[in-house]
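Visitor: Below, the features straight out of TrEMBL:
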{"type": "TRANSMEM", "residues": "67-86", "note": "transmembrane segment"}
{"type": "TRANSMEM", "residues": "92-111", "note": "transmembrane segment"}
{"type": "TRANSMEM", "residues": "123-143", "note": "transmembrane segment"}
{"type": "TRANSMEM", "residues": "149-173", "note": "transmembrane segment"}
{"type": "TRANSMEM", "residues": "194-214", "note": "transmembrane segment"}
{"type": "TRANSMEM", "residues": "226-251", "note": "transmembrane segment"}
{"type": "TRANSMEM", "residues": "307-325", "note": "transmembrane segment"}
{"type": "TRANSMEM", "residues": "355-376", "note": "transmembrane segment"}
{"type": "TRANSMEM", "residues": "388-406", "note": "transmembrane segment"}
{"type": "TRANSMEM", "residues": "618-638", "note": "transmembrane segment"}
{"type": "TRANSMEM", "residues": "650-669", "note": "transmembrane segment"}
{"type": "TRANSMEM", "residues": "681-703", "note": "transmembrane segment"}
């Protein structure tokens, strides 16, 4: 079974999925079932080996399902941000709410499989739910289908069904694969799990790299093709279901036999209830609070629950690690949208950076198992599982510390954060001579503004209310002209000064208040010609600009070099070269004149381009991936070794719930306590370090045990207590 795999050496194909499926809810099927059920059916073998042919269908199913899940999740945060136009905090909160639900629902799937349907039917029925969720999610991403409310409802329904499906089958598939082997083929079963985890990693690695390409590099409906990015994972999930059903006639299927998790919960609940009922001082105390369940439950079950609760107590600080770890798909992806993604030969999509985690896990596991850990052992350092897990926490905390430093560097190119009664303004002098600009009662622009001078930065304009009418005075070649404009708070403006019909004139136009989202470039045009123009930037973008220094609206473009544009006027068609429009920058391009058969332009960078390269995220991915190897894999193996065989599924439930609680904590922070992103990274770093100290103290006082030894001691104690009770009864009879 899967438990045999956990007792063996951790293989090199376990990535973050190791936190999910190293061992499973498997009380059902661990013992031979009773009744007439075709469990001992002989399955055809693969190429004359001892491997059942049925496992090929299970492995392919798992690859497709993991491709489906991770591919969909990779683009989810940007989908909320750019398709729904939600802010970063709401996008993060919903992303982690979905992730949390995916780790709560395995308990439902396990109960269904063990108490009602069996693993096979549970996988089939919940996979159908899974497919329906994917299809609804894909349809909800078609822009032309209804308004935003329709898109949101369809997407949320789809995500709920996906969470129910992926979580529900999570505890069933690997255990069902283990059921296919005969008892004597334990080595083949162990190797099967290596192949099984390889399929998990392959699906995750490929999907997190490919799906963002489908989103960003393919355009449909005039924008990023989220319908395709969700549609391909949906097709893979349909394929997963078809493949799994195709192998139906080859499977060995175990019937449901009851779920030990429910028994444990009932036992704990009865012990608490019984203790509360018997609070009188006259009632003798018992050695352990779980002993209050002895009126209803066996000593063996109570003893095993005691062993499990010791480990579950150590799980209490663990959610904080997952709170940091799962932000790779939310906060770290959002951070990547504000960075320079040009790697020379390839421009990486911001959500593609997530593929580093499965890749690094595949690299780190053999390095740690075959290199680092043996080297530490040679140094005579007792690197216990608790210390490994604490080290993993420290590495994850350091990763978020680096993320905070990078965020601070990124913010250097951001627009200043505006407060009430405050605006920003700059002057673009498009006239032929310098101009002195004076604003009523404001001490700005001390020096004349040179012609076509690119302002280094905006100037802060303090108002006396939400808006204020100001008098702008222009001095140009001995002439003084005045213009009145109304300026609103929390706005950004450009005062354009130009010559029209032989005299000086001006316009006050509104600029962008923040960087364009998702690493796009924003560009607008000012037409300095005396005739209207129609501009073609690329095959999909057409802009009409009126004459006499009229501005166009901003257009969002992918980062690229645009030198193949066209400018169409009354007198003809002319080539238009814009040069590089870089990540996250905003540009104002002035069409000055037409000469030599080409359009002459002047380009001003309103908002600076992203100047922090995405490669600076690599150290934080290295740290958190190394932390995962030390924390997740070590933690599962340790907790598995500390529980009796019948209680492995209970610890699996506890482990998955720590992931769910960690994601819940992130959504609470994102919605209830919004703060600057760098400050949030620092908060999570400090919290994890504090939790690491608490966990280390708990681990210091924890005494590792062998469950078999504890069971023997419990049996001896039970025998001894029975002997004492016999003596008491005999004495009472004599009296």
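Cβ from N, Cα, C; glycine included.
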Visitor: Given a Cβ distance threshold of under 8 angstroms, which distant residues of the chain, six or more beyond its ends, lie next to the transmembrane segment (388-406)?
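Guide: 320-321, 324-325, 331-332, 335, 612, 616-617, 619-621, 623-624, 626-632, 634-635, 638, 678-679, 681-682, 684-685, 688-689, 691-692, 695-696, 699.
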Visitor: Would you say the transmembrane segment (307-325) and the transmembrane segment (355-376) are touching, if the rule is that at least three C-beta pairs must lie under 8 angstroms and be 6 or more residues apart?
Guide: no
Visitor: Between the transmembrane segment (67-86) and the transmembrane segment (226-251), do 3 or more CB pairs sit under 8 angstroms, pairs being 6 or more residues apart?
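Guide: Per Cβ check, the transmembrane segment (226-251) touches the transmembrane segment (67-86).
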Visitor: Mark yes when the transmembrane segment (194-214) and the transmembrane segment (307-325) have three or more Cβ pairs under 8 Å (sequence separation 6 or more) and no when they do not.
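Guide: By the criterion, they do not touch.
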Visitor: With the transmembrane segment (650-669) as the reference, find which of 67-86, 92-111, 618-638, 681-703 contributes the most Cβ pairs under 8 Å.
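Guide: By the under-8 Å Cβ criterion, the transmembrane segment (650-669) pairs most with 92-111.
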Visitor: Thinking of Cβ pairs under 8 Å, which stretch from 92-111, 618-638, 681-703 has the most of them with the transmembrane segment (67-86)?
Guide: 92-111
Visitor: Residues sitting near the transmembrane segment (92-111): Cβ under 8 Å, six or more positions beyond its termini, same chain?
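Guide: That would be 20, 24-25, 73, 76-77, 80, 86, 122, 126, 159-160, 162-164, 166-172, 259, 261-262, 326-327, 329-331, 334, 649, 652-653, 656-657, 659-661, 663-664, 666-667, 670-671.
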